[in-house]
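The next block holds one structure in the form of structure tokens; read it before the comments.
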Amino acid sequence: MNEPQITEELIAAHGLKPDEYQRILEIIGREPSFTELGIFSAMWNEHCSYKSSKKWLRTLPTTGPQVICGPGENAGVVDIGDGQAVVFKMESHNHPSYIEPHQGAATGVGGILRDVFTMGARPIAAMDALSFGRPEHPKTAHLVKGVVEGIGAYGNAFGVPNVGGEVRFHRSYDGNCLVNAFAAGLADSDKIFYSAASGVGMPVVYLGAKTGRDGVGGATMASAEFDDTIEEKRPTVQVGDPFTEKCLLEACLELMQTDSVISIQDMGAAGLTCSAVEMGDKGGLGIKLVLDAVPQRETNMTAYEMMLSESQERMLMVLKPEKEAEARAIFEKWDLDFAIVGETIAEDRFLIVHGNEVKADLPLSKLSSSAPEYDRPWTPTPAAAEMPALPAIAPIAALKSLIGSPNHAHKGWVWEQYDTQVGADTVRRPGLGAGVVRVHGTQKALAFTSDVTPRYVKANPYEGGKQAVAEAYRNLTACGALPLATTDNLNFGNPEKPEIMGQLVGAIKGIGEACAALDFPIVSGNVSLYNETDGKGILPTPTIGGVGLIADLDDLIAGLPAEGDLALVIGETRGHLGQSALVAEAFGIEAGDAPHVDLTAERRNGEFLRAHGKLVSVATDLSDGGLALAAFELAEAAGLGVTLDSAEIAQLFGEDQARYLVACSEENAAQLVEAAQAAGVPLARVGRFGGEAVAFGGDAAPLAELSQLYRSAFEKSLNLELA
């Protein structure tokens, strides 16, 4: 088959800038073949190379005594004691989910699960952080339905409980939804599998499902802005099969017990290209692939298509040669393909052969570790506009503006479509704070949360970055967990615009400072840039996935308020309304600075709560919606009313950081007050749970009326009642 001629248009269609193409010519000393152009395009795009963010990502704290493996592998690995480790990562599937919501979201789940079990871990939990456009936008309901169905269909069939996440709506996501998928698994800490190849002449083995044309060019598409040609990109979205993935999991874990695996890597973005290059580059080796041996489900596939296909449920492995028969038998038992498609070589070459023709012969290291890296110009985000004087609003009317919005209404419609209990170890389902999953057969548990407030990050990227980490820290400590480590999913617009690059730089600086101050290192992550449509960028959305350890489930804080319990706030309340949920929902404005995060107070208050968790019935962090929304959510979940003493809007709805709302008995409250005074921790009694009404100062409404609004607003705003 004749390959296309290399033209300026073809180079541009592959997402390569003229100076990058010039660099390719200098590296190889000739014009690339069509297949080579595709390989460079895939490896040098933002999705695979992190060329715009790498400089700043290096500044993040990634180590600690608990960290076994930080960024650079398929997922991060953290010690949880007793010879066990938790393996986790968060990754975006934004562009595919906008083009084809069901399959885009489903394969996002599949990809992150493979990242985890590639390391030798059995997945035990998933989460999803979702951002959509305005509820009234013509595409939003379609996207919400498709994405939620896709996540549920894949995760439920695979058999991993979905224990948390976020769902938000904002006009900036109208043309570019975000789907950030998180997965965590358990492994023996001395049996972690890595991706660096070793040994010359070792067989390179293809495992799993067959290769088709789905997803060809997916990584390049994920590194571009959208425009009005978006519907034409549908073929670049992959198609997932969770049953095959489940078989692949079991086959891989079985194989890993046999001392057969030298290295292993899942085939994700850029498929066979990226997995082979990363394995070779990390091991300082070259790779030769013979594509005639690649299992194919379509006819007449070209080398270009096979190298760039993103067909799902596939892995690449470097195998001990003497173990071939044993390994093949395992994969055939699970009805999966097992094919030797190449070998490791000593030279720094990526050699691709198809039909006895050399289709690509490139210096392998130049594709990965020596890929372009940019120090892009950036401008700091200017100070946010000052808060205008707000119109008067009654406290209950203010609460209704929040719970009547899909951003803060009950999200049961979403998580009731997910299997939250499969595996029988889920201790705390989605809905109130962090999800909690027992470490099977033990009294230990792991807590999981995902957090970010994009309004804050836009107004003040540095403080917004700090706050995302601090909120994850609080959500973990609020359930009694010791925060261990984080994964970050940095979703931003076009980094070639200095103001967008400034958002990214500011957020990374804030994230780094918070992670360092809280001993909460980043061990894995993902960067998704060019989240723009027709030149309009999303709110900067650096999602933080946090993982914590509950050493003994007796220390879990996960009850509900009881009749007569006191409501107390740990931490200082100043009444900060800038960029608050109330101002956005009740008045439709986004103004003022983001709340500033005192990391010393965050740590002190979090450690105080963990130390005295036995005294409280329940704890929740105070963030979006402040005290009023948190108190209502706890009361509503318990089927109780709540009375807060203050009627002052700033006291009720302010979003000061480093705060928790706790419920406890009169007797325990006295002990908590005494302990707080001794520790120098601010603690204030703010009200009481009980009765059948929600009252703020003298303003009240029946709990039943508010509960009906809270539990119906999500579906009504999106016309999902009949979905």
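The backbone N, Cα and C atoms fix where each Cβ goes, and this holds for glycine too.
Swiss-Prot annotates Tyr50, Lys89, Asp488 as ATP-binding residues; of Gly15, Gly120, Gly525, the candidate listed for that same site is Gly525.
Per Swiss-Prot, substrate is bound by Ser92, His93, Asn94, His95, Gln238, Glu310, Ser311, Gln312, Ser528; the candidate from Arg114, Arg122 named for the same site is Arg114. Over all protein chains present, the Cβ of Lys89 (ATP binding site) has 27 other Cβ atoms lying within 10 Å. The separation of Asp488 (ATP binding site) from Asn526 (Mg(2+) 1 binding site), Cα to Cα, is 6 Å. If you take the C-beta of Gly525 (ATP binding site) and look for same-chain residues 6 or more apart in sequence within under 8 angstroms, you find Leu57, Pro71, Lys89, Met90, Thr487, Asp488, Asn489, Leu490.
Each residue contributes its Cα atom, and for Ser92 (substrate binding site) and Tyr50 (ATP binding site) those atoms are 14 Å apart. Considering only the binding-site residues Tyr50, Glu91, Asn94, Glu310, the residue whose Cα is spatially closest to the Cα of Asp266 (Mg(2+) 2 binding site) is Glu310. It is His93 that, of the recorded positions His47, His93, Arg114, has its Cβ surrounded by the most other Cβ atoms within 10 Å. Under DSSP, Glu310 (substrate binding site) is assigned to coil, being neither helix nor strand in the three-state scheme. Between the CA atoms of Glu91 (Mg(2+) 1 binding site) and Gln312 (substrate binding site) there is a gap of 15 Å, rounded to the nearest whole number. The ATP site is set by Tyr50, Lys89, Asp488, Gly525; from the centre of their CB atoms, other residues of the chain with a CB within 8 Å are Leu57, Pro71, Met90, Glu91, Thr487, Asn489, Leu490, Ile522, Ser524, Asn526, Val527.
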